[in-house]
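Features of the protein shown, as given by TrEMBL:
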type	residues	note
TRANSMEM	B:57-75	transmembrane segment
TRANSMEM	B:87-108	transmembrane segment
TRANSMEM	B:129-152	transmembrane segment
TRANSMEM	B:158-179	transmembrane segment
TRANSMEM	B:186-206	transmembrane segment
TRANSMEM	B:218-235	transmembrane segment
Amino acid sequence: MLIVEDVTKNFGQFNALKNINLEFHNGVYGLLAPNGAGKTTLIKMLTTLLFPTSGSIRYDGEDIIKMDERYREMIGYLPQEFGYYKNYSPTSYLLYLAALKGIHRKTAIARVEELLKTVALDHVANKKMKKFSGGMIQRVGIAQAMLNDPKILILDEPTAGLDPKERVRFRNLLTNLARDRIVILSTHIVSDVESIANEIIMIKNQEVLYKDTVSNICGNIQGLVYETKVAYDETERFRSTYLTLSEKQENGSMYMRFLTEDTAKAEWKPVHPNLEDVFLYIYQDGVLSDDQTA
Amino acid sequence: MEKEKFHIEYPTDSERGKQISYIVSVGLTKPKSFLSYLHEMYQQLGFRYLFRDATEILFTIGLALAVMLYGIFSLKSSIDTQALYSFIFTLSPICFFALSSLFLVRALTKDTFSVEMTCKYHVFQLAAFRMLIFSLLTMVMNIVLIIVLSFLFQSIHILDALLLSCSSLSIFSVLYLYALRHAKGLYATYVMMTSWLIVNVLPAFLSQNMYSMFLSHVPAYVYGIVLIISIVLYVKTLKKLIAFRGAEGVQ
């Protein structure tokens, strides 16, 4: 079990995160927040790349900084900007990282072969990575994070550059892995985590706003989300009155999905809120959402 | 009602002793010595991964050697022996600086850094090993250059020159590691090198005689003591580099 207790992180005068308290068991955790909210700072603290200014992070009761290499041996990490050596092939790069992770060469060779198949890169296993697309590089990154069969898998924006098919494949892979390990997935793409995360963590104003299941989080705006048809010349007025969550043009009309606490009108069709609605409600239009919650 | 009697088998003294030493050995792991740590790292990573850029490193050493030899052969035969000593002292750490800055400091700025830093053997641990080897390589290179120099300038005492060169290299290495660990910003090491050159070149420029006399008149045993102290400090600082992550982490 990984516990984040009263963690605050300051960079000089700037407060990036304050009083963060979290508990992770086996399963997928989606860390969902807009860019700049402090996701990467939290991730870097979980990987010991940054140290908390105050508070502690403990794995099975032991401080992860004091655990040092014993902790690093059990984590897999994919950073937001995954670096690689252009003249290396996926096989040689993964074997190099396997050595750094303390994996015996014989075990590493078999593991690399297996992982390259898993991420569908076995056909280019010995090709230099300088010719790879962004998605292929990202898949090498995912493979390296799993090299040591980590107890804690930490992925920062892992689906960047992946096509829809690869995203589905990746989500299935994570669901499978999360049966016996902690998987922490940081993203600002709601669909990456909505279907697979056991719990979603949302950060706002440097603090944890929610840490709950998707359905419980969506329950917070239950009964406030509607869809309705709006005439074209009415759309501007509608947008300024309500928090619009999505818009769709169909058969010459505008279909608006929106959120309001006003009493429902007859032409409004109540719909079940999804995580994207919550995300937009919380982050995208701060002024309006603050007014509406007041 | 009759009381049930329990028979408890207590461990013997030797069994107790064995269990206590087992608990202590599991609970209190002995800190590894620097050398055993390096040996373990070498066994795990091997030459292939510790020096994955070996070709570039050898090229850099070759280039440095060629430039230095060219410099030596271009020296006028009339040059003062004392001046040669000041050259030796000032330029001995050049190759170490070039290798460390090109292959270590650069590693800290690469995108691969985050991934490498979260591995069991991280960038600074590799750096400690490589720095030790770089300083040994520089020492070997300096020895070769001094031998060549002694053939061209018979007035040079090889042992004095070697002692001077090794002292200079070890003092510089300690200062370099200190800058790497304590100064903010990766360019601190470049500032360090520039300061080293200024501190050594400026007095020589102002009064060549006095500076050279100072260097050549310091008794050999003083250089010996300085050398030993700096080597001890160097190894200690390298050990600290293994556990180094800075006060706020690494980024």
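Cβ atoms here come from the backbone N, Cα and C positions, even for glycine.
Note: TrEMBL annotation is automatic and uncurated.
Between the transmembrane segment (B:218-235) and the transmembrane segment (B:87-108), the number of CB pairs under 8 angstroms, six or more residues apart, is fewer than three, so the stretches are not in contact. Nonlocal intrachain contacts for the transmembrane segment (B:158-179), taken as residues 6+ away from its ends with a CB within less than 8 angstroms of a stretch CB, comprise 84-85, 88-90, 92-93, 96-97, 100, 131, 135, 138-139, 142-143, 146-147, 149-150, 188-189, 191-193, 196, 215-216, 220, 223-224, 226-227, 230-231, 233-234, 237-238, 241. Within its own chain, the transmembrane segment (B:87-108) is flanked in space by residues 53, 56-57, 60-61, 64-65, 68, 116, 123, 126-127, 130-131, 134-135, 137-138, 141-142, 146, 149, 161, 164-169, 172-173, 176, 180, 186, 189-190, 193, 196-197, 200-201, 204, 215, which lie at least six positions past its ends and keep a Cβ under 8 Å from the stretch.
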